[in-house]
Amino acid sequence: MDTAVEANLGAAGHGPRTELSDEDYYPQGSWDTVFLVALLLLGLPANGLMAWLAGSQARHGAGTRLALLLLSLALSDFLFLAAATFQILEIQHGGHWPLGTAACRFYYFLWGVSYSSGLFLLTALSLDRCLLALCPRWYPGHRPARLPLWVCAGVWVLATLFSVPWLVFPEAAVWWYDLVICLDFWDTEELPLRMLEILGGFLPFLLLLVCHVLTQATACRTCCGHQPRRMACHGFARVAKTILSAYVVLRLPYQLAQLLYLAFLWDVYPGYLLWEALVYSDYLILLNSCLSPFLCLAASADLRALLRTVLSSFAAAVCEERPGSFIPAEPQTLPGPTSEGQSRLDSVVQPQVNPSVQLQSDSVVQPEVSPSAQPQSDSVAQPTVGSLIQPPLDTVVQLEVNPLTQPQLDPMAQPQVNPSAQPQSKSVVQPQVDPLTQPQLDPVAQPQSNTETPIPAFGDESASNPGEENSSGPCPDPTPGTPENLDRPAVPQEKSPSNVPPEEAPSAGPT
């Protein structure tokens with residue numbers, strides 16, 4: 001917090017100076033500004049996101065203990081990084097403070113509240129984990145359920161009270177000619193208030209360090225002894241361990257520099273190296289505040305899952321604002337329900353679209369069913385009867401019984417098909433009829449399809465007009481004979497002449 005110029009006023013009764021010594025040169029330069037700006041750009045959004053995630057998790061009652069800890073810690077780090085903006089402004093002006101005394105007091109108060117709240121919070125966390133590790137049976141039963149809430153509230157109240165002196169004593173004073181600096185303490189109150197600041201920060205840090213070492217030693221002894229872990233919340237313990245370890249490593253240099261400064265404050269004027277130690281150890285605290293949310297995300301699986309959920313919902317909301325990204329998906333869903341209806345219509349309309357093509361296709365397929373009963377001279381008339389009485393479902397099944405005969409169709413009849421109907425039957429009906437009609441070739445399922453009245457009735461009505469022109473009288477339904485020919489292809493070929501001649505009489509009808 002203290003710069004090289006701010007750290008030494010009042011140590012030996014010094015007032016504003018007319019000349020600068022070697023110890024008064026400002027140690028911070030342009031690279032300090034770059035480093036601090038990078039920390040702010042990275043740490044402020046990260047801590048804000050962490051506070052929002054922890055707050056939403058605590059609001060829904062999921063992991064309240066961990067959520068309250070992370071919320072308080074994120075707010076403390078956010079405020080500490082926000083206070084660094086005043087430090088960047090001071091560096092840019094070469095140590096000159098252009099904002100006046102009120103802003104100077106607000107800067108030190110904000111720094112004191114954020115620093116003290118984080119220190120007190122992690123000290124309470126370390127003490128809680130130490131008691132849980134040393135007294136695993138007694139402490140969980142005697143710990144109140146609302147203890148995390150009470151601790152977080154008490155930490156912020158205590159940090160505010162501890163920072164009250166920074167609302168009273170700091171002021172913007174002239175240091176050399178027109179150079180104005182922001183001083184935290186001055187003259188007679190320097191020694192007692194500096195001791196309160198240093199000891200008030202060092203003693204909680206010492207308690208944190210001792211409790212953390214005891215907790216880790218107990219955990220190592222438990223792991224080495226192959227004893228079952230008694231800590232119920234492994235995710236919370238992992239997050240607490242990560243945060244406390246980083247805090248001890250990155251904030252220990254600042255505490256040591258403060259102790260050295262207190263030792264020199266008694267009778268010796270602090271040197272240039274000690275001033276630099278105070279400045280750059282303060283940068284380590286800023287680095288810790290910047291890395292804290294990333295360490296929490298790395299140690300907590302629940303926070304990572306919550307962050308993925310938030311990012312996915314945000315991406316979905318962004319995509320909804322751009323409906324053009326979903327345009328390619330619409331044509332894929334529209335043909336789905338219409339393809340089935342189109343196949344059903346084509347299976348019935350196919351004999352009516354172009355009778356000449358249907359007759360030619362049946363003339364090739366029909367002789368394979370009864371080659372001895374039907375001569376080739378009647379190959380034109382016989383399919384007419386089949387197209388009149390045979391249900392539309394049988395017309396499709398009849399073509400699918402012999403898949404090898406499909407390539408034998410007359411190539412000259414293919415162009416005669418109606419161009420509006422034939423592409424639909426080729427592109428839509430042919431792929432979808434196979435999985436639907438192939439199971440109907442079973443000897444049990446085939447009579448059921450022929451005996452159903454609604455389907456033949458619809459087929460007879462659609463083909464009634466061609467039948468009246470090509471046949472001289474009513475003909476019996478030949479459907480009972482068709483399943484037998486399909487089930488037993490060897491035997492019915494000899495008996496088929498006895499069943500077919502009554503229907504071959506009107507063969508001279510269509511030409």
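Cβ from N, Cα, C; glycine included.
As annotated by Swiss-Prot, topological domain 'Extracellular' applies to 1-33 (among others), with the evidence given as sequence analysis.
The region 'Disordered' annotation in Swiss-Prot covers 1-20 (among others).
Taken from Swiss-Prot, the feature transmembrane segment covers 34-54 (among others), and the record attributes it to sequence analysis.
Under the heading topological domain 'Cytoplasmic', Swiss-Prot lists 55-65 (among others). Note on the topological domain 'Cytoplasmic' (55-65): its mean pLDDT in the predicted model is 72.
Remote same-chain residues near the transmembrane segment (66-86) are listed as 36, 39-40, 43-44, 47-48, 50-51, 53-55, 57-58, 99, 103, 107, 110-111, 113-115, 117-118, 121-122, 125, 148-149, 152, 155-156, 233, 235-236, 239-240, 243, 285-286, 288-290, 292-293, 296, 300, 302-303 (criterion: CB distance under 8 Å, separation of at least six residues from the stretch ends). Per Swiss-Prot, the feature transmembrane segment maps to 66-86 (among others).
Per Swiss-Prot, the feature topological domain 'Extracellular' maps to 87-105 (among others).
The disulfide bond feature in Swiss-Prot is assigned to Cys104-Cys182. In the three-state DSSP scheme, Cys104 (disulfide bond) falls into the helix class.
Residues annotated as transmembrane segment in Swiss-Prot: 106-126 (among others).
Per Swiss-Prot, the feature topological domain 'Cytoplasmic' maps to 127-148 (among others).
Per Swiss-Prot, transmembrane segment is recorded for 149-169 (among others).
According to Swiss-Prot, the topological domain 'Extracellular' annotation covers 170-194 (among others), on the basis of sequence analysis.
For the transmembrane segment (195-215), same-chain residues at least 6 beyond its ends with a Cβ under 8 Å from one of its own Cβ atoms are 115-116, 119-120, 122-123, 126-127, 129-130, 133-134, 162, 165, 241, 244-245, 247-248, 251-252, 255, 258-259, 261-262. The annotation transmembrane segment is assigned in Swiss-Prot to 195-215 (among others).
The annotation topological domain 'Cytoplasmic' is assigned in Swiss-Prot to 216-258 (among others) on the grounds of sequence analysis.
Swiss-Prot lists 259-279 (among others) with the feature transmembrane segment, giving sequence analysis as the kind of evidence.
Through the fold, the transmembrane segment (283-303) approaches residues 32, 35-36, 39, 42-43, 46-47, 49-50, 53-54, 57, 62-63, 66, 70, 73-74, 76-77, 80-81, 84, 115, 118, 235, 238-239, 241-243, 246-247, 250-251, 253-254 of its own chain, all at least 6 residues removed from its boundaries and within a Cβ separation under 8 Å. According to Swiss-Prot, the feature transmembrane segment maps to 283-303 (among others).
Residues annotated as topological domain 'Cytoplasmic' in Swiss-Prot: 304-511 (among others).
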* To do: Please determine which of the disulfide-bonded residues listed here (Cys104, Cys182) has the lowest count of neighbouring CB atoms within 10 Å.
  => Cys104
* Structure fact -> In DSSP terms, the topological domain 'Cytoplasmic' (127-148) comprises 14 helix, 0 strand, 8 coil
* **Contact call for the transmembrane segment (106-126) against the transmembrane segment (149-169), three or more Cβ pairs under 8 Å** => yes
* Asked: Hey, does DSSP put Cys182 (disulfide bond) in a helix, a strand, or just coil?
  -> strand
* Asked: Cβ under 8 Å to the topological domain 'Cytoplasmic' (127-148), counting only same-chain residues 6 or more beyond its ends: which ones?
  -> 64-65, 68-69, 207-208, 211-212, 214-215, 218-219, 230-232, 237, 240, 244
